Structure formats: C-alpha cells, structure tokens
Amino acid sequence: MAQVLSFRVLISAETHRTSSSSSSNLKSLKMPKRVSKKSTSAPRKGCHFTGSLNPLHKTQKLNLEVSPHRAVSAVRLMRIEFGGAFADLLNEKGKGSGDNEMGYVERTIGFRTRDLDARDLRLVTDIVGGTIRWRRYLDHLISSLCRAENTIKSMEPLLLQILRVGSYEIVKLDMPPYAVVDENVRLAKVALRPGAGNMVNAILRKLILLKENDTLPLPKLEGDDRAQARALATLYSHPVWMVRRWTKYLGKEEAIRLMEWNNSDPSFSLRANTAKGISRADLVTKLNSLEVPHEPSLHLNDFVRIKTGLQSVIQSGLLKEGLCSVQDESAGLIVSVVDPQPGESIIDCCAAPGGKTLNMASRLSGQGMISAVDINKGRLRILKETAISHQVDDVINIIHADLRTFAENNTVKCDKVLLDAPCSGLGVLSKRADLRWNRKLEDMEELKNLQDELFDAASILVKPGGALVYSTCSIDPEENEERVAAFLLRHPEFSIDPVDRYVPPDFVTERGFYFSNPVKHSLDGAFAARLVRVT
C-alpha cells in the first residue's frame, strides 16, 4: 500500500507545487447532518432546499437501483470541494479512495450501491474531472434555470453536485439525455427526498430542451474589459481573476487557447526507471503487452506519453514495482536543466514527495549524493520508500527541515541546488482541474514572498562555480522571470547560465531560461532558470 500511496502523491506532486497542500484531512470534512425533518414536496422558491439527508437511510445499507457511478461521482465531488481531496486521486485499483470508496458514499448519503465495475470507474474519472473543470459554466446554467436568485450559494451541497453531474452529462458528454435525467432524479430522491428529485427533473429536462434548440443561456462577449472577462470566465469556466491576468499578459486570443487547453482531457507521461535497468524500449514492450496506446517523447529519451490507459498501467504493477513513474515531460526537462552528473553533490530543496529527486538519482549511476530536504515529514517517508523500490536509495539522503533554517545552519556547499519552489500551479490546470478554484489572487503575493525567502536560502548552499536552478510549475511571469530578476539584484554573486545546452531550443526564452508553454508544447506549463555562483 505504501507504494500505491507513493504513486498517488508523486503524480500530484509533479502536477502542482503549492505553498500548502490542497489535500486537507478528510476527517474534517463536514457533510450535511441528518435530521429528523421530513419533506416530501418541492420547496416553495427556486432551488433552495433547507432539508437534510433522510434519517431512514441509517437502516438502508444497499440500493441496487441507484446508478453507482453517479453516486460515487457526487460524493467524490463533495470531498474535493469541501474536504480538499485531490481531483486526481488514484490507487492501484483506480478507485480514487482505495477499497473504501463505497464507504465514503455510505457515510455521506446513508447507503451503498453495487460495486463499481471497469466502465463505472472510467465514467467516475471522466465525470468528476469534467464537472470540476466546467463548474463555473455548469453553475451558470443551473442558476439560469432556477427561479430564485443566488441559489448556488444557498443550495444543499449534495443536491448541487447531483445537478452538476447531470448538467455535465447532458451538455458535455454523449450520453442518452433522458437516461441521465432518470438516474440523477432517482439519486436525488433516494439520497435526499422526493422534492429534490422533482427539482432535478425540472432543471435537467429544461436543459435538454435548450441544448437541443441551441439556446443555452450563455453570456455574450460585450461591454468593457471587466464585463468581457466575466463572460469569458463563464464560457471557459475559470475564475475571473485568472482571465483578467492572462488577458493582460497573453492577450485575449492566447488566453482563450490556454483555457481551452486547461479544459481538455490531460495526457500523462511515464519515465522508464533506468536505475533499475529499464529502458524506454523495455517500457514500450510492457505497454504493448497491456495494449496501452503510447508514443515516445519528442524531447526525452526515457519518457513515453500516454493519453489513455493509465489505470491499466497502475493495475499492472509497473509503478508499484518501480519500473517506471508518472512524470510530466516538463518536469523531466527541469531535471535536464539541473544536469545531474555521477559523483556530484546535489540538494533538492523542496523535494518531497520526490519525482524530480528520483529522476536526478537515476542519472547519478550510483555515484554521488542527493540531499532531499523538505518540511513535510510524511511525504519524505513516502520518498524514502519509493527510492527503495526504484533502487536509488543509496544516493538519496532524507533531511526533514525547513529549508530556511537548514541553510542557515549548514556549512557544506554543494555542486548543484534545485529549488522547485511552492507556486500557484497555474501551469498544470489541465491535470489539476480543482486547483483553479482553490487559488485566489491574494495567494500570489504570499507565494512571491515565500519564493523569495526560499530562493535566498537555497543560494547559501551553492559552492563557488556551482549551479542553482529555480523552477516552478507556473506560467505566471511574477512567479518566474520577476523572481529571478529580483534575486539577481539581491545576489550579484550569481549570473544567468543559459539553458540552451540542456534542453531543445524551442523551450529556451530570450533571456536563456527554460519555459514550457501548455498551448505551444502540449505539456504542463513550467519554468526554470539556471544560475551559476561566480564568487
């Protein structure tokens, strides 16, 4: 199970580095309380339901009539929105919550459905990811079809998730519309009450009619910049502040292309573990045996890209056995910028849970040492366990510490230092669909201050002639180029080392930094600057 967990955290880590994990303890998740109040009729106004879960469900343990993938999807969406659970929860069975997936359903809505089969699992993945991506768009449609104002904010959480699931299935998935209505109505009636089912029925049937007539109530791109930003935010389902920020830096058309990318189904890359003697050719052979479609990376000779079939890879044990790992090519290219060589001493400053640490370790050929520093003790434990399965534990030294304190007390200087800084994660919104709703504009200022502090601390650890690599999974210039410029003003002992020797020219900016553009390169957005200590 440790290896399963290590994969789950590793894939999340390579798709976002943030100042605080969005995966908060699910024990603190507060679901609607069950009360003895009974309601069998629809509410008098709009979509505002004030009732709660039916107390009769305490004795109803199994319901074979409710669609299992819809029940699981609605509950998982609640866990993600209110409990901070990752949208890309994965394990070796692909259920997202281990063997206890149906346990979450029972504790939330009072009963179980039949177990999920393979088709159900695929639908849960598609529906949960898609519903999160299109949440603002779906909420606009739902609100437009309700009579009362501000209904989304006052609606019961479970009812809202059922409406989102049904709306997504109708407007974005090629599913029989009236089957969608019937199944979601049944879920609402059994999990809540008959009146809730009646409301779901009315809204979803109206939505079907509007879609068939091509008259969905969507905002128009008109008015001043603020009005257009709000319309774009609804049409492409992103926060308004992100739309305004990207329009400012990229222009409207490029911002739209970026949002379209973020709303597309993500692809994943697998890195063959050369430290365990697995070449890309070996990995391709295994993928062929699993009938998983794939294509070789155009940029890295040990990476393979897959669009579908990740669950098959997980279930086959390739990850658990340490034969490969899930890592985006954009992260692999950051490791190329570091350019770890056998015999070198390297510090990975914000290492856990260790995707880049493991990649660098595989390049050392058993010679040298990587000190993996992180403030999160639990994630460091996962890194240590995964390093053993990857057979690189002999070149990784685990250090539990705050980088700022560690740098002040450390007297040893290293050949290379990687600071993969906590950031907004704005470059990985295709994989981390939920992250767009967890970020706020005010977070950016706090993150910049933290990035500056960590940047200064990391610089202390570099020996003269050594290299310091600052990287993020953000596309925002304030977290990237501006942080480097501010650092160089504070630290004239460092100078820019252009990355054109380490990555393909298409990824090199005018100032010699590494940058992967999601729209241009079809990879996660990422940034890296390589600096050399001259004195």
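Note that Cβ sites are derived from N, Cα and C of the backbone, with glycine treated the same way.
Automatic prediction, not curation, is the source of TrEMBL annotations.
Taken from TrEMBL, the feature active site, nucleophile covers Cys473. Cβ contacts within 10 Å of Cys473 (active site, nucleophile), excluding its own Cβ and spanning all protein chains shown: 31.
What TrEMBL records for Cys350, Ala351, Ala352, Pro353, Gly354, Gly355, Lys356, Asp374, Asp402, Asp420 is S-adenosyl-L-methionine binding site.
Among the features that TrEMBL reports, domain 'SAM-dependent MTase RsmB/NOP-type' is placed at 258-534.
What TrEMBL lists as region 'Disordered' is 19-48.
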What's the CA-CA gap between Cys350 (S-adenosyl-L-methionine binding site) and Cys473 (active site, nucleophile) in angstrom, rounded?
13
Hey, how far is Gly354 (S-adenosyl-L-methionine binding site) from Cys473 (active site, nucleophile), Cα to Cα, in Å?
15
Of the binding-site residues listed here (Ala352, Lys356, Asp402), which is spatially closest to Cys473 (active site, nucleophile) when Cα positions are compared?
Lys356
Least buried of the binding-site residues Cys350, Ala352, going by other Cβ atoms within 10 Å?
Cys350
Packing count at Lys356 (S-adenosyl-L-methionine binding site) (other Cβ atoms within 10 Å of its Cβ):
26
